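Here is what TrEMBL records for this protein:
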DOMAIN    216-382  domain 'Helicase ATP-binding'
BINDING   Cys441, Cys444, Cys482, Cys485  Zn(2+) 1 binding site
BINDING   Cys450, Cys453, Cys469, Cys472  Zn(2+) 2 binding site
Amino acid sequence: MTLQSLNNLPCRIRVAVPVPIYDCFDYQVTEQQYHTVMPGMRVVVPFGRQRCIGVVISKVPHDQPCTFKLRPIEDILDAEALIDAEMLKLLSWAAQYYFAPIGDVIQSALPTKLRQGGSNARSTTVWQVTPSADPFITRSAKQKHAYAVLQSQPHGIDEQQLTQHDIELSTLKALEKKQRVYAEKRPLEILNLPTKLAEPALNANTEQAAVIQQITQHLSNYQAYLLDGVTGSGKTEVYLQVIHAVLKQGKQVLVLVPEIGLTPQTVARFQSRFHCHIVLLHSGLNDSQRLHAWQAAQSGQADIILGTRSAIFTPMPRLGLVILDEEHDLSFKQQETFRYHTRDVALYRAHLAKCPIVLGSATPSIDSLALVQQGKMQHLFLNTRTGDAILPKVHILDAKIAKKVHGLSQVLIGHIQQCLDRQEQVLIFLNRRGYAPVLICESCAWQANCPNCDAHFTLHTQPYVHLHCHHCGTVQTKPKQCPACQHDTLKPIGMGTVKVEEGLKELFPEHDVIRVDRDSTRHVGSLEKIYQKIHQNQPLILLGTQMLAKGHHFSYVTLVAILDIDAGLLSVDFRAPERTAQMITQVSGRAGRGEKNGDVYLQTLRPDHPLLKTLVQFDYRAFAAKTLQERQSACLPPYRYSILIRSEAKTEHDAVNFLKEQAQILTTCSQNSLQIWGPIPAPMQRKAGKYHAHMLLFADHRAHLHYYTQQWWYDMLKTVPKHIKISIDVDPQELN
Ligand code: ADP
Ligand code: ZN
Ligand code: ZN
């Protein structure tokens, strides 16, 4: 007698379908399929009138009652699970914790090609020359080059290597038409590279050695470490030596870095140290590169996975260590749809994998420091810079009293001149690209504002003069005259990097001024050229946005100036001081990394601000200790837990009122266990043509917060009118 007839119930599997719906769906399978299918495999299922590719979450036990009519699956796409049990567990947890539809969450763990139903067979296309006695004659330089390269490679070249050889796929296709080359699918080779060092490790100093010893003594248990090391203290060397210990045990290592931290220098540092299979996972990969990198990780072939945020969801069968560098960085928090924090997901992942996790930073987040206080993380310190380098001295320049030229105070200009005269380099930090943040009419006070946002247009002068909204992307031509009073009195107000660059070139005509921002580095390779120039050890002025603030070594920079910290000092967000202190410390950390000492100048209208005083008299650690106390006495996160509910509608009334009604419902259903701030209009109320409002939910216990929010959220979703969009942000990092 079969199981099926025994219970008189069809065999069922539970599938996560890629739709923005919170539940999984049950489908009918044959008994045969029930035996072969495994959680983590992809299946083709009917959904409404469509078919889609879902991922099996579980087999439904036979004794579970089934009240609705089931539809059968159409196909099973995999012979083995793509997502292992551990990763499924992590994804299910994340979906629940962040109130994200499980289908959406599972998508984030699969490369596009697999989401679309592509095969997980590990093959690659190899191009080879067709044997021929005739010489190949062509006028196309590209074809000539490609043919010559292929001729020189007896085993052909892999599609992954095309860019490296400067060959375009279209060139090969043209050659294929002429029957001069052919393509062949080949299984990817299993590489078993030794894990001996390609380059010897540095001699760890006493502090580094202690930290390395501490971490490596328990490699087979979960333990979280906060590596709190001042800028230039050699954190990367610590990572490398700990990684080596883990590789020696035959395990894989996941290294996560912030979005703009994955520079060629970082990659080179890993590659030159280890003889092992390192794969990169970041947003710059195309679909097939991403698939191959993912497969190398998922199959256990790759030893080190070096990636940005979403790499946290890459399955790795022998994961033995997680490293999250610059753990304070905001790019670890996904700000759309599935709003996870990589740090928190990584902690849980390491816990599931029973392996250590190291969070490193010179400016640890207040959240992580609180975890240390609670005994959930071990605090490790590196207090001194390596070699003879010492931390730079920080000075405050009062911008109120100072006479300014091109936005720079006279005193600062003097210091820059002296620095250049000493043949040293200057770094000027201004986190605002474009020419000027505001364009106004001096006659009638008209301002160039974005029609879709509560925001000024930024005036850009490159590559042509135009107005650009940095919030919604709207672009307009710059009016010649004031549209309100027709006078010729339009004037840019405030400083963007392009304007400061102009001023610096005028002030220091003998020196190079190099601007580094998203606009100046749009072309591939431009950043590389800039770095080459910086490393030539000539006096010059580097001017840039946060692209310059992270990770880089500028050994010859001895003067750092930060022009615009006031916005951060004035913000209403309770996390703004933390971000500002981190930014100042990180930017300052670029100075004096070589043999010479550095100076940092903060130009501000608020020279008496307590945050600045603490940073100048003491350091980030003093600031952090104070901030922890303040948050505790004000009952703010991380001493309380929070969830932000955002609404978006065509009118302010709709956006705010819907939340008002919901706040009442929440108050009732939570029996006053939740505290609710708001609802209020968002700081930028109108953005991209929509009105935004939000409310913040607080509770002393995470479990309470989740419990009551959950009770309300899923019911509420059924009642949201079509014209209102609601989103939820657990542990929000920005109150915007
Ligand atoms: P951090 O990441 O803490 O800012 P890095 O790891 O980038 O610091 O190290 C700063 C510099 O010090 C690098 O140039 C690195 O090569 C060097 N360094 C690190 N550890 C040592 C060591 N033990 N001996 C000599 N130089 C070291
Ligand atoms: Zn006017
Ligand atoms: Zn706009």
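Backbone N, Cα and C define each Cβ position, glycine as well.
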Tertiary neighbours of Cys450 (Zn(2+) 2 binding site) (same chain, Cβ under 8 Å, six or more apart) = His456, Phe457, Cys469, His471, Cys472, Thr474
Within 8 Å of the centroid of the Cβ atoms of Cys450, Cys453, Cys469, Cys472, which other residues of that chain place their own Cβ, given that this set defines the recorded Zn(2+) 2 site?
-> Pro451, Asn452, Ala455, Phe457, His470, His471, Gly473, Thr474, Lys687, Ala688
Checking the binding-site residues Cys444, Cys469, Cys482 against ligand 2, those whose Cβ falls under 6 Å of one of its atoms come out as Cys444, Cys482
Taking the center of the Cβ atoms of Cys441, Cys444, Cys482, Cys485 at the recorded Zn(2+) 1 site, which other residues in this chain have a Cβ no more than 8 Å from that point?
-> Glu442, Ser443, Ala445, Trp446, Pro483, Ala484, Gln486, His487, Thr489, Leu490
One should report the C-alpha separation between Cys444 (Zn(2+) 1 binding site) and Cys453 (Zn(2+) 2 binding site), rounded to whole angstrom, as 22
Candidates near ligand 3 among the binding-site residues Cys441, Cys444, Cys482, Cys485, judged by a Cβ under 6 angstroms | none
Can you grab the distance from Cys482 (Zn(2+) 1 binding site) over to Cys453 (Zn(2+) 2 binding site)? Cα atoms, rounded to a whole Å.
-> 20
Binding-site residues: Cys453, Cys485 - member with fewest neighbouring CB atoms within 10 Å | Cys485
For Cys441 (Zn(2+) 1 binding site), what residues in its own chain, 6 or more apart in sequence, show a Cβ-Cβ distance under 8 Å?
-> Gln447, Cys482, Ala484, Cys485, His487, Thr489, Leu490, Lys491
Other than its own, how many Cβ atoms are within 10 Å of the Cβ belonging to Cys444 (Zn(2+) 1 binding site)?
-> 13
Around the Cβ of Cys482 (Zn(2+) 1 binding site), how many other Cβ atoms lie within 10 Å? Please give the count over every shown protein chain.
-> 21
Reduced to three states, what secondary structure does DSSP give Cys450 (Zn(2+) 2 binding site)?
-> coil
One residue among the binding-site residues Cys469, Cys472 has the fewest other C-beta atoms within 10 A of its C-beta, namely Cys472
Quick one: average pLDDT across the domain 'Helicase ATP-binding' (216-382), no decimals.
-> 92
